[in-house]
Every structure is written in structure tokens, then in C-alpha cells.
Amino acid sequence: MLDKVKNVIVVLSGKGGVGKSTVSTQLALALRQTGHKVGLLDIDLCGPSVPYLLGLEGSDIFQCDEGWVPIYTDESQTLAVMSIGFLLKNRTDPVIWRGPKKTMMIRQFLTDVKWDELDYLIIDTPPGTSDEHITVMECLREVPCNGAIIVTTPQGVALDDVRKEITFCKKTGIKLLGIVENMSGFVCPHCTSCTNIFSSNGGVELAKYAQIPHLGTLPIDPRVGVLAGTTASVLDELPDSTTAEVLRGLVQHLDSITLTA
């Protein structure tokens, strides 16, 4: 049930392992930290990371007359979370389902969760372009989906997959809000200097190619990794970091193009 949700943002990636779930989680925390009521929906059925990233593993979800009740991370209920990870007994349990069952579960996540009034719903999707993505796009045609943010790394093989993701979005009619380049350089945890490990600026060039905004470049920062398993926002814990700067800019960009009043 998305009738109380003002804005829906889908987070996509062309391939796995690019940090999409970390970006989704920290974006949700940054939006909450700046005063918004936020929902985070993890529909990466085969690799749900959000419960681990927020330290919510082992949480039980319940049903009410209106559907599933999400897990809230705080007493003020400013961040609500739903993930298939809450339905698994163990984090290592595989989800061995055929396409139709995955499709049914995604539809349930998008229609049967009792979200209260939200300024933003962030949807963390599986990597690639598959049946799951088609199901998401079909369901979101009935609600005001603002568009998609694509997360990539600067390497050529990742960028090739992102080109497919861009084509997929155009063919399914979802607006592209921009590209975030992740893992661009390594931040030394001692001196905070940044050293390139892979190639750089691939996301910038791809944004130019696709004529969509480049929303920021994030380095590999071990200090951010330490926050995994907590509900701590980079904006609070590392306010002077490059990651915090990019997230603040991303929040401002979303606020400028969405309805949050």
C-alpha cells in the first residue's frame, strides 16, 4: 500500500557487488537525519543485505488487517524497513524460488506492506535486469514513482552493464534521476588521503553519454564500513567525509525535484 507515500525512489545497479545496498541504506538514513519520514524496501530476494546493514537481523515482522507491518529502527518511527531477510531463519539460507514465486513475493512487498505516511520510499532492487525488475516497474506504474538512481563502479565491465540498465529504464518508462559512482578511490583511515585503485570518472563519462545527472562520486572508506550493523548515519558519524558531502548533495537534489511538503 503506497497511497500514503509521497515519493518513490528506485535504486538500481547493472551488476552485483557495487555497493548498491550500502548506498540505499545510507541514503535512507541521510533522508531521515534531515527530517524526513522514510521507508526502505529491500526486494533483492536472493541477496537481502539491508537487515544486516542496519543491525536488524533476527527481527520478526507481523501482519495486521491491512498487511505486513514494517520494522521501525527508532521509537519515533522515522525509518521503516521491510525485507525478505526478515522472513528467513538464517542469513545464509538461500532463496530457491522460480520466477513466478519471486514475482508474487515482489508484488506482495509493493502492495501488502502497511506503510504509514512517508516522505520517501527507497526501493533497493536486485542487480541486473530480470523478471523481478519488470514486476517492480509494472507495479510502480500505478503509483507516483519519481525515478531511478543507478549505482556503478568506475571499471569498464561495470559500466557496460549500466548501459544495459539505462536502456532497460528507457524501455520500461522509468525516469533516470542520475548515476552515483561508487568505490572510486580508497580513503586511508589514518590520513584520509584518497588513492585511486581502479579507473576513475567512469560514472561521470557515462552520465554525459546518457545525458543524465552525475549525482556524486563515493570512495571506498573503511570508516563507512564500520557503520554496517548500526543505524548510524554517515552525516552524523563522519560529517566531514566525502561520503557525507555526496549524500548531503543527493538529499538536496532529491528534495529539489520531489514533493516533500
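Here the Cβ of each residue, glycine as well, is placed from N, Cα and C on the backbone.
Under the heading ATP binding site, Swiss-Prot lists Gly14, Lys15, Gly16, Gly17, Val18, Gly19, Lys20, Ser21. When other Cβ atoms within 10 Å of the Cβ of Gly16 (ATP binding site) are tallied across all protein chains shown, the result is 15. Secondary structure from DSSP puts Gly16 (ATP binding site) in coil.
The [4Fe-4S] cluster binding site annotation in Swiss-Prot covers Cys188, Cys191. With a cut-off of 8 Å between CB atoms and residues at least 6 apart in sequence, the same chain places Cys194, Thr195 near Cys188 ([4Fe-4S] cluster binding site), listed in sequence order.
The candidate set comprises the binding-site residues Lys15, Lys20. Of these, Lys20 has the most other Cβ atoms within 10 Å.
Spacing of Gly14 (ATP binding site) relative to Cys191 ([4Fe-4S] cluster binding site) is 33 Å (Cα to Cα, whole number). When each of the binding-site residues Gly14, Gly17, Gly19 is scored by how many other Cβ atoms sit within 10 Å of its Cβ, Gly17 comes out lowest. Put plainly, the binding-site residues Val18, Cys191 were compared by Cβ crowding within 10 Å, and the winner is Val18.
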